[in-house]
Amino acid sequence: MGIKGLIPFLSEKVPSSISELSLESLSGESLAIDASAALYQFTIAIRDSSYFSSLVNSKGESTSHIYGLMNRCSKFLEYGIKPVFVFDSKPPELKTKTLEKRRQQREEANASLKKAISEGDKESVKKLVGRTVKVSKEMNESAKKLLRLMGVPVIEALEEAEAQCAYLVTKNLCRFVASEDTDTLVFGGAFLLRNVASSSSKKILKVDLQKVLDGLEFNFDQFIDFCILCGCDYCDTLEGVGPKTAYSLVKKYQNLEEIVNFKGGDYDDFKEAKEYFLSPKVNEYDENSVKLGTIDPEGLTEFLVQENNFSKERVEKFIEKLLKFKTKKIQTSLLSFLTAPQHNNKAKSSNKRPREPKALDCKPNTYGSGKGTNVVKKESSTIKKDEIDLTAEDLFCEPSNSDNEEDDRGRVDKNEDLFKKSENETNEIKQNQFKSKSDEKKKQEEHHTIEFNFNHRKVILIDDDDDEVVTTANSEKMNCGKCLIYYFLQKLIK
C-alpha cells in the first residue's frame, strides 16, 4: 500500500519532485525492484486483458507472472538496464493488523467477483479482479528460479522488500528503487520509480526524495512523522488526518508525540512504526550479489517448456533475444573502452547528467551503523564464481554446451567487425606518435592473434608465424593495433 495519498499530495504541493521518464532513458542504470509488487502488476495485466482468467500450466498453476517477468526482463536487457529483484521474507509483527485487513478485503472482493461473473457484469469484473490477486509463495519461488536461469540477480530480504531495496540504494549497489509502494521513500530510498513493471505505454514516474524534503521544508525525521500521520502499514491512523492535515500538524508542532497526544491517539504504536522506518531489519549484501550471471539456455528450456508448457518455438526466440542483447551490450561497452583516449583532452560535455544526491544526504540513520540498526550479513551463496558485470561477464563467461576447455575459448575474429573498427580508430589516435616506426614493425600487425581463456580470465597474444605466445605488450612501442587492444584488455581484467 505504501503511504496513503502521498503521490497526489506531492503532485500538488511539490510538483518538481516528480518527473516522467521513459524506460529507454534508464539505459546503463541498475534498479532494485520490489519483486512482489512487480509480480502483482504482471498478474493483474494478464487478468485485466481476459477479465478474470490467468495463464496456467498443465498442473493448474498460474504462469501469468512468469510470462510478465520474461517480457519485462527482456525489455530491461534490451535497453541495457540491470534489474535486481528483491523478494519479501517474513513480514514484521507491526504489519499483522494490516495483513489481516487485506485478507478480509480479498475475501469480500472474491465474493463480489463471483457475483459479477455470474451476472456477466464485465465492468465490475474488471474493477474487482485486482483486489483478489495475492502473490503466493509458489509464485515467488518460480519467479526466483526463472530469474536465476536468466542470470538476473535475486536478493532475499530479511523482512520487507521495500526496506531491502532502500538499503541497496543507500549502499550504492543500485541506483533506483522500482516499486509501487511509496514507503520506500520513508525507508530512505533516494529515488523511487513507479510503473516500471507496467506496460510500455505508461510513463515511468520518478520521485526524488531530496526534492521532496526541500519542497516541503522538512528534515528526514519530520518527513517520517508526516508519512506516518498520512497512514502506513505499521500503525493505525488518526481520525480525520490526511496528507494536508498531517502537513499542517508537522509544521505546527514539529513533534510526532505532541501531535498524537493532541489528537488522542496511542503514541506507542506510532513510536514503534517510526523506529521501524528508521531501523528496519535488512540483510547485508555486497557488489558481488548484484552482478549479472550467465544465461542457462538448457535450464530455461526445461523450466519454461517442460515444466510450464510454454511454446518451445517462442522460448527459443526468447533465449536468442537474451543472448543477442548481452552480445550487443558488450560490443558497445568494449568499443567505448578502447576508444576512450580520444576524449581525454576534450572539455566535458555540458549535457552530461550530473550525479544525483545519495539517500545518505538526507537520512540521519544509515544501515549498518549506529544504534538500533538491524543489518544481518548475507553470504552471496546464490552467485556463481563466474558471475561478473555485464561487460566483463560476456567476455569471460560466454555460454557453452561443451565441457572441453578448448571449446570455451573464443577468438577475437568472432567480433571481427568490432575489432577492425576499434583498431582503425586506435591507430588514427596513435598515428602521430608512431609514424616513425619501420614498415617491418607495422607488418607484425598481421601476424598477431588475440585469444581469450574464459576459465582463467586471461588474454593471450599469439604470434601466428611460429605459434609462440607473446608474454608482453610494450605500451611504448604499440604500433601494432592488436597489441594495443591486448594491452587495454589486460588493464580491463585486472
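Each residue, glycine too, has its Cβ placed from N, Cα and C.
Here is what Swiss-Prot says about this protein:
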BINDING   Asp34, Asp88, Glu160, Glu162  Mg(2+) 1 binding site
BINDING   Arg47, Arg72, Glu160, Gly231, Asp233  DNA binding site
BINDING   Asp181, Asp183, Asp233  Mg(2+) 2 binding site
COMPBIAS  408-426  compositional bias 'Basic and acidic residues'
REGION    1-106  region 'N-domain'
REGION    124-253  region 'I-domain'
REGION    330-338  region 'Interaction with PCNA'
REGION    341-382  region 'Disordered'
REGION    395-426  region 'Disordered'
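Cα of Asp88 (Mg(2+) 1 binding site) to Cα of Asp181 (Mg(2+) 2 binding site): a span of 13 Å. The Cβ neighbour count for Asp34 (Mg(2+) 1 binding site), using a 10 Å radius over every protein chain in view, is 29.
When the binding-site residues Arg72, Asp183, Gly231 are screened for a Cα within 10 A of the Cα of Asp34 (Mg(2+) 1 binding site), none qualifies. Within 10 Å of Asp183 (Mg(2+) 2 binding site), judged by CA to CA distance, lie the following binding-site residues from the set Arg72, Glu162, Asp233: Glu162, Asp233. When other Cβ atoms within 10 Å of the Cβ of Asp88 (Mg(2+) 1 binding site) are tallied across all protein chains shown, the result is 20. Confidence across the region 'I-domain' (124-253), taken as the mean pLDDT and rounded to a whole number, stands at 92. For the Mg(2+) 1 site, the Cβ centre of Asp34, Asp88, Glu160, Glu162 serves as reference, and the other residues of the chain with Cβ at most 8 Å from it are Ser36, Ala37, Val86, Ala157, Ala161, Ala163, Gln164, Cys165, Ser179, Asp181, Thr184. In sequence order, Glu162 are the binding-site residues from Arg72, Glu160, Glu162, Gly231 with a C-alpha within 10 Å of the C-alpha of Asp181 (Mg(2+) 2 binding site).
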